Amino acid sequence: MTGIISTDVLIVGAGPVGLFAVFELGLFDMKCHLIDILDKPGGQCAELYPEKPIYDIPGWPSISAQGLVDKLLEQIHPFKPDFTYNRMVSSLEKLEDGSFRVTTDENEVFEAKVVVIAAGGGSFQPKRPPIPGIEPYEGKSVFYSVRRMEDFRGHDLVIVGGGDSALDWTLNLQPVAKSVTLVHRRPEFRAAPDSVNKMYAMQEMKQLEFRVGQVTGLTGADGQLSSATIKGGPDGDIEVPCTRMLPFFGLTMKLGPIAEWGLNLHENLIPVDTEKFQTSVPGIFAVGDINSYPGKLKLILSGFHEVALMAQAAKRIVSPGERIVFQYTTSSTSLQKKLGVVG
């Protein structure tokens, strides 16, 4: 077979946890190649909410999702990882020597001694709301994520939904948009109480509108919205100005072919041990939101902890028989040389 791409560790998923795995593995001199279904690194952080602030990363009282991705890319730069984007892993085969052969949906073939699954919830796509005639406006004036807040400046914005994303963007985009109308089918929300209270306070100050009901119609031309019809509220059918719309009806998460890899999935999650974060298949590890174990918290912080322990176990597979010496980056000259901070 020709055209095989060989590496020490193949990482499936280039979100924050997959990126930090490169750092921890790199400290042990393991070469990494990352595959992601998106067209860039960062996972959901970069694709769905790049400008959304994150508050629970140690040392960063507040950092945007894209800012975190950028810092991680800077941090792993000394290890020169390889990336393959716009690809889904399709098949996995364990070879006689214990290594793995992974094929993508474009028939690219990778071989690695270790496979790390850091695929979050798998591939995802937003759920389309049941609004008649929405398709021609998608990508032009109807969007399912916020990549740049500036894209909404000066627009009459209608946000539809009752979860955290809907409330967060209602609050964050209110200073930018010309007007903001939040639409939810009932006055109760599935969002953080503090966000709900802030929204109601802003409504009292007439800084935004909240309408109980459902969007049942759109008006516009050539992909550009001009208004939206809301039905079901106490005022009957009303038409509100709308030049931008953000529907938040959740995501459809698909694990894809990984589900067929014999990893004893439970509720679409991969069970792992908490010593090495290894799956039921030796040599395959799962870190981040994709894994499951008692006490699991779906936090980026938890994923960072998991990859630190995973890297030690991966090193024993990649370099069997080699003595592993635990070192601190603060005091180890050899590690500091790898990071490029000393000559």
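Backbone N, Cα and C atoms are what each Cβ position is placed from, and that goes for glycine too.
Residues or ranges marked as FAD binding site by Swiss-Prot: Asp36, Gln44, Tyr49, Val89, Phe124, Asp289, Thr330. Within the same chain, no residue at least 6 positions away in sequence has its Cβ under 8 Å from that of Thr330 (FAD binding site).
When the Cα positions of Asp36, Gln44, Tyr49, Val89, Phe124, Asp289, Thr330 are compared pair by pair, the longest gap among these FAD-binding residues is 39 Å. Long-range Cβ neighbours of Phe124 (FAD binding site) (same chain, at least 6 residues apart, Cβ-Cβ under 8 Å): Gln44, Leu251, Thr252, Met253, Lys254.
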